[in-house]
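K.L.:
Per TrEMBL, the feature active site, for OMPdecase activity maps to 59, 61, 64. Among the features that TrEMBL reports, active site, proton donor is placed at 61. What TrEMBL lists as substrate binding site is 10, 32, 59-68, 119, 180, 189, 209-210. Residues annotated as domain 'Orotidine 5'-phosphate decarboxylase' in TrEMBL: 4-225.
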Ligand SMILES: O=C(O)c1cc(=O)[nH]c(=O)n1[C@@H]1O[C@H](COP(=O)(O)O)[C@@H](O)[C@H]1O
């Protein structure tokens, strides 16, 4: 089985993260290492996940001048991660330079994707930072820019997937956090959808953190979400 689920390993300690990882199989999900665990554990942690044969999405959301971002993306490629991301709002030149630095890696290059509008944000949040557009309008704008830069896809809310798929084609990867199974807490997420609805809309990958990691039995919740996707 090639699962669409990427589990966001947002844990405080390596022991907590590995206690989930060691109960599951790489066919059940891919794993995302984000700012919290990478800051405390660094590449050593990513290498441990690679040793266990998991694909790793290194989610550090780079946003800086083009040279700095491109070099960070090259470091991620050298680490052998499956996917890496940057913020589309860093601009076209930044995205193009990041894409270009991956050319020598050929088919071994990680998927390079751009975060559009964070799934925790709504209209007011955008207005407060000077963006007078709805999240959907801004996601569409940034996704076109990412595609123009030659990136492999974007991170967006599942609510935007249907329209992006129509605009950007079948091959452009749509990676969606903001996944909440029925009955689970939204927390800070705002533009959300259930796992099955996200897959029906056309998401390629579902990034899921707390509904799995904070569950009493995370491995069991992962299995049941995978099962719910079989029929969608
Ligand atoms: O790039 C991401 O992965 C990301 C983008 C985004 O717009 N929203 C978002 O929630 N994420 C990440 O996806 C994960 C969602 O976690 P939960 O809200 O716990 O399911 C977190 O690790 C976030 O950092």
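Just so you know, glycine gets a Cβ as well, placed from its N, Cα and C.
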K.L.:
Would you mind checking how many other C-beta atoms are within 10 angstroms of the C-beta on residue 64 (active site, for OMPdecase activity)?
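P.N.:
A count of 14.
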K.L.:
So which of the binding-site residues 60, 63, 66, 209 sit close to ligand 1, that is, with a CB under 6 Å from an atom of it?
P.N.:
209
K.L.:
Going along the chain, which residues six or more apart from residue 10 (substrate binding site) have their CB under 8 A from its CB?
P.N.:
34, 36, 37, 209, 210, 213
K.L.:
Return the count of C-beta atoms lying within 10 angstroms of the C-beta of residue 66 (substrate binding site), excluding that atom itself.
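P.N.:
18, counting other Cβ atoms within 10 Å of residue 66 (substrate binding site).
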K.L.:
With every protein chain in view, how many other Cβ atoms are within 10 Å of the Cβ of residue 60 (substrate binding site)?
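P.N.:
Around the Cβ of residue 60 (substrate binding site), 17 other Cβ atoms lie within 10 Å.
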K.L.:
Helix, strand or coil at residue 61 (active site, for OMPdecase activity), per DSSP?
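P.N.:
Reduced to three states, the DSSP call for residue 61 (active site, for OMPdecase activity) is strand.
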K.L.:
May I ask you to report the DSSP-based helix, strand or coil state of residue 66 (substrate binding site)?
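P.N.:
It is helical.
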K.L.:
How many other Cβ atoms sit within 10 Å of the Cβ of residue 209 (substrate binding site)?
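P.N.:
Its Cβ has 19 other Cβ atoms within 10 Å.
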K.L.:
Once near-sequence residues are set aside, which residues in the chain of residue 119 (substrate binding site), 6 or more away, have Cβ atoms under 8 Å from its Cβ?
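P.N.:
156, 157, 176, 177, 178, 189, 190, 191, 192 - these are the non-local Cβ neighbours of residue 119 (substrate binding site), listed in sequence order.
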